[in-house]
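Record features (TrEMBL):
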BINDING   B:90, B:128  Fe cation binding site
BINDING   B:96, B:99, B:136, B:139  Zn(2+) binding site
DNA sequence: GTTTTTGCAAACAATTTGCAGGGAT
DNA sequence: ATCCCTGCAAATTGTTTGCAAAAAC
């Protein structure tokens, strides 16, 4: 948290209460895959006079600073999550097509595959995104 | 193409000229990752009086029949591509963050990984989506 | 005191929906 | 004749922008 504030300051952005609250909400829901609107709702509980546009602008800003990243799952709604600290990216998603829940898993699986991509396709890999769609354990047992 | 028409008929949907043209366009641009609007533009050249809503409805229909599938790359615009015939899904994307081009690659890499997911996370995998972001070979040589 | 940032409302873009007319069976 | 499908326009949804006032440094 402190280093994020540091980063903001050093990039000549001002540390406003609104930005702090957005960060706070993101930290409190780290596994949440929140949409801009989700963040807005949560932030509004703490600072009711905040505007939706400010939330969007803050999320945009944090994305540009590479603090968070914007993802799309099955819908056309952007969701945001913290970018992992390390520059290797071993972090994937399990998306339940029944209940819509998105779970995170953290495994180092794609290292060899990335190498193959770089060699076979002459493609410089910077990041990747891996999502599995299926039925989560809870929905499997509920059997609906 | 014929089997698709068959499938439509057997699901009690009518094979209208509009639907045929949409399919035609999709087939002609199989590697294109077209958005609804792209399809609309292309279809309009053949059948100028077609409506955008019809295109959306047709794409929706084809998605439900599992003929095509709806994907989101970095933006909030849905793009559509044919679903591979086989029920194994060995088909991934290379998305260039410089020129925006999306290339397809067809490799069987995730079989073992899917098994791990099923076991370790008790998650029934139905499909997956793997996209690599990076710099494509053309942009690498152009060096801009 | 400047320069950013905010909140509001209006603008925008992608997609969906309601509905009356048209077409296929 | 019925039921499905289309085209149009209006409605919705998610996101962005213009601008004057307010806040940060």
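Glycine residues also receive a Cβ, built from the backbone N, Cα and C atoms like all the rest.
Curation plays no part in TrEMBL annotations; they are all automatic predictions.
Structural mapping of features recorded in TrEMBL.
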| residue | record | DSSP class |
| --- | --- | --- |
| B:96 | Zn(2+) binding site | strand |
| B:128 | Fe cation binding site | strand |
| B:136 | Zn(2+) binding site | coil |
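The least crowded of the binding-site residues B:96, B:99, B:136, B:139, judged by other CB atoms within 10 A of its own CB, is B:99. Taking residue B:128 (Fe cation binding site) as the reference point, none of the binding-site residues B:96, B:99, B:136, B:139 has a C-alpha atom within 10 Å of its C-alpha. Here the Cβ of residue B:128 (Fe cation binding site) has 22 other Cβ atoms within 10 Å, regardless of which shown protein chain they belong to.
Sequence-ordered, the extra residues of this chain that approach the Zn(2+) site, with Cβ no more than 8 Å from the Cβ center of B:96, B:99, B:136, B:139, are B:97, B:98, B:100, B:101, B:135, B:137, B:138, B:140.
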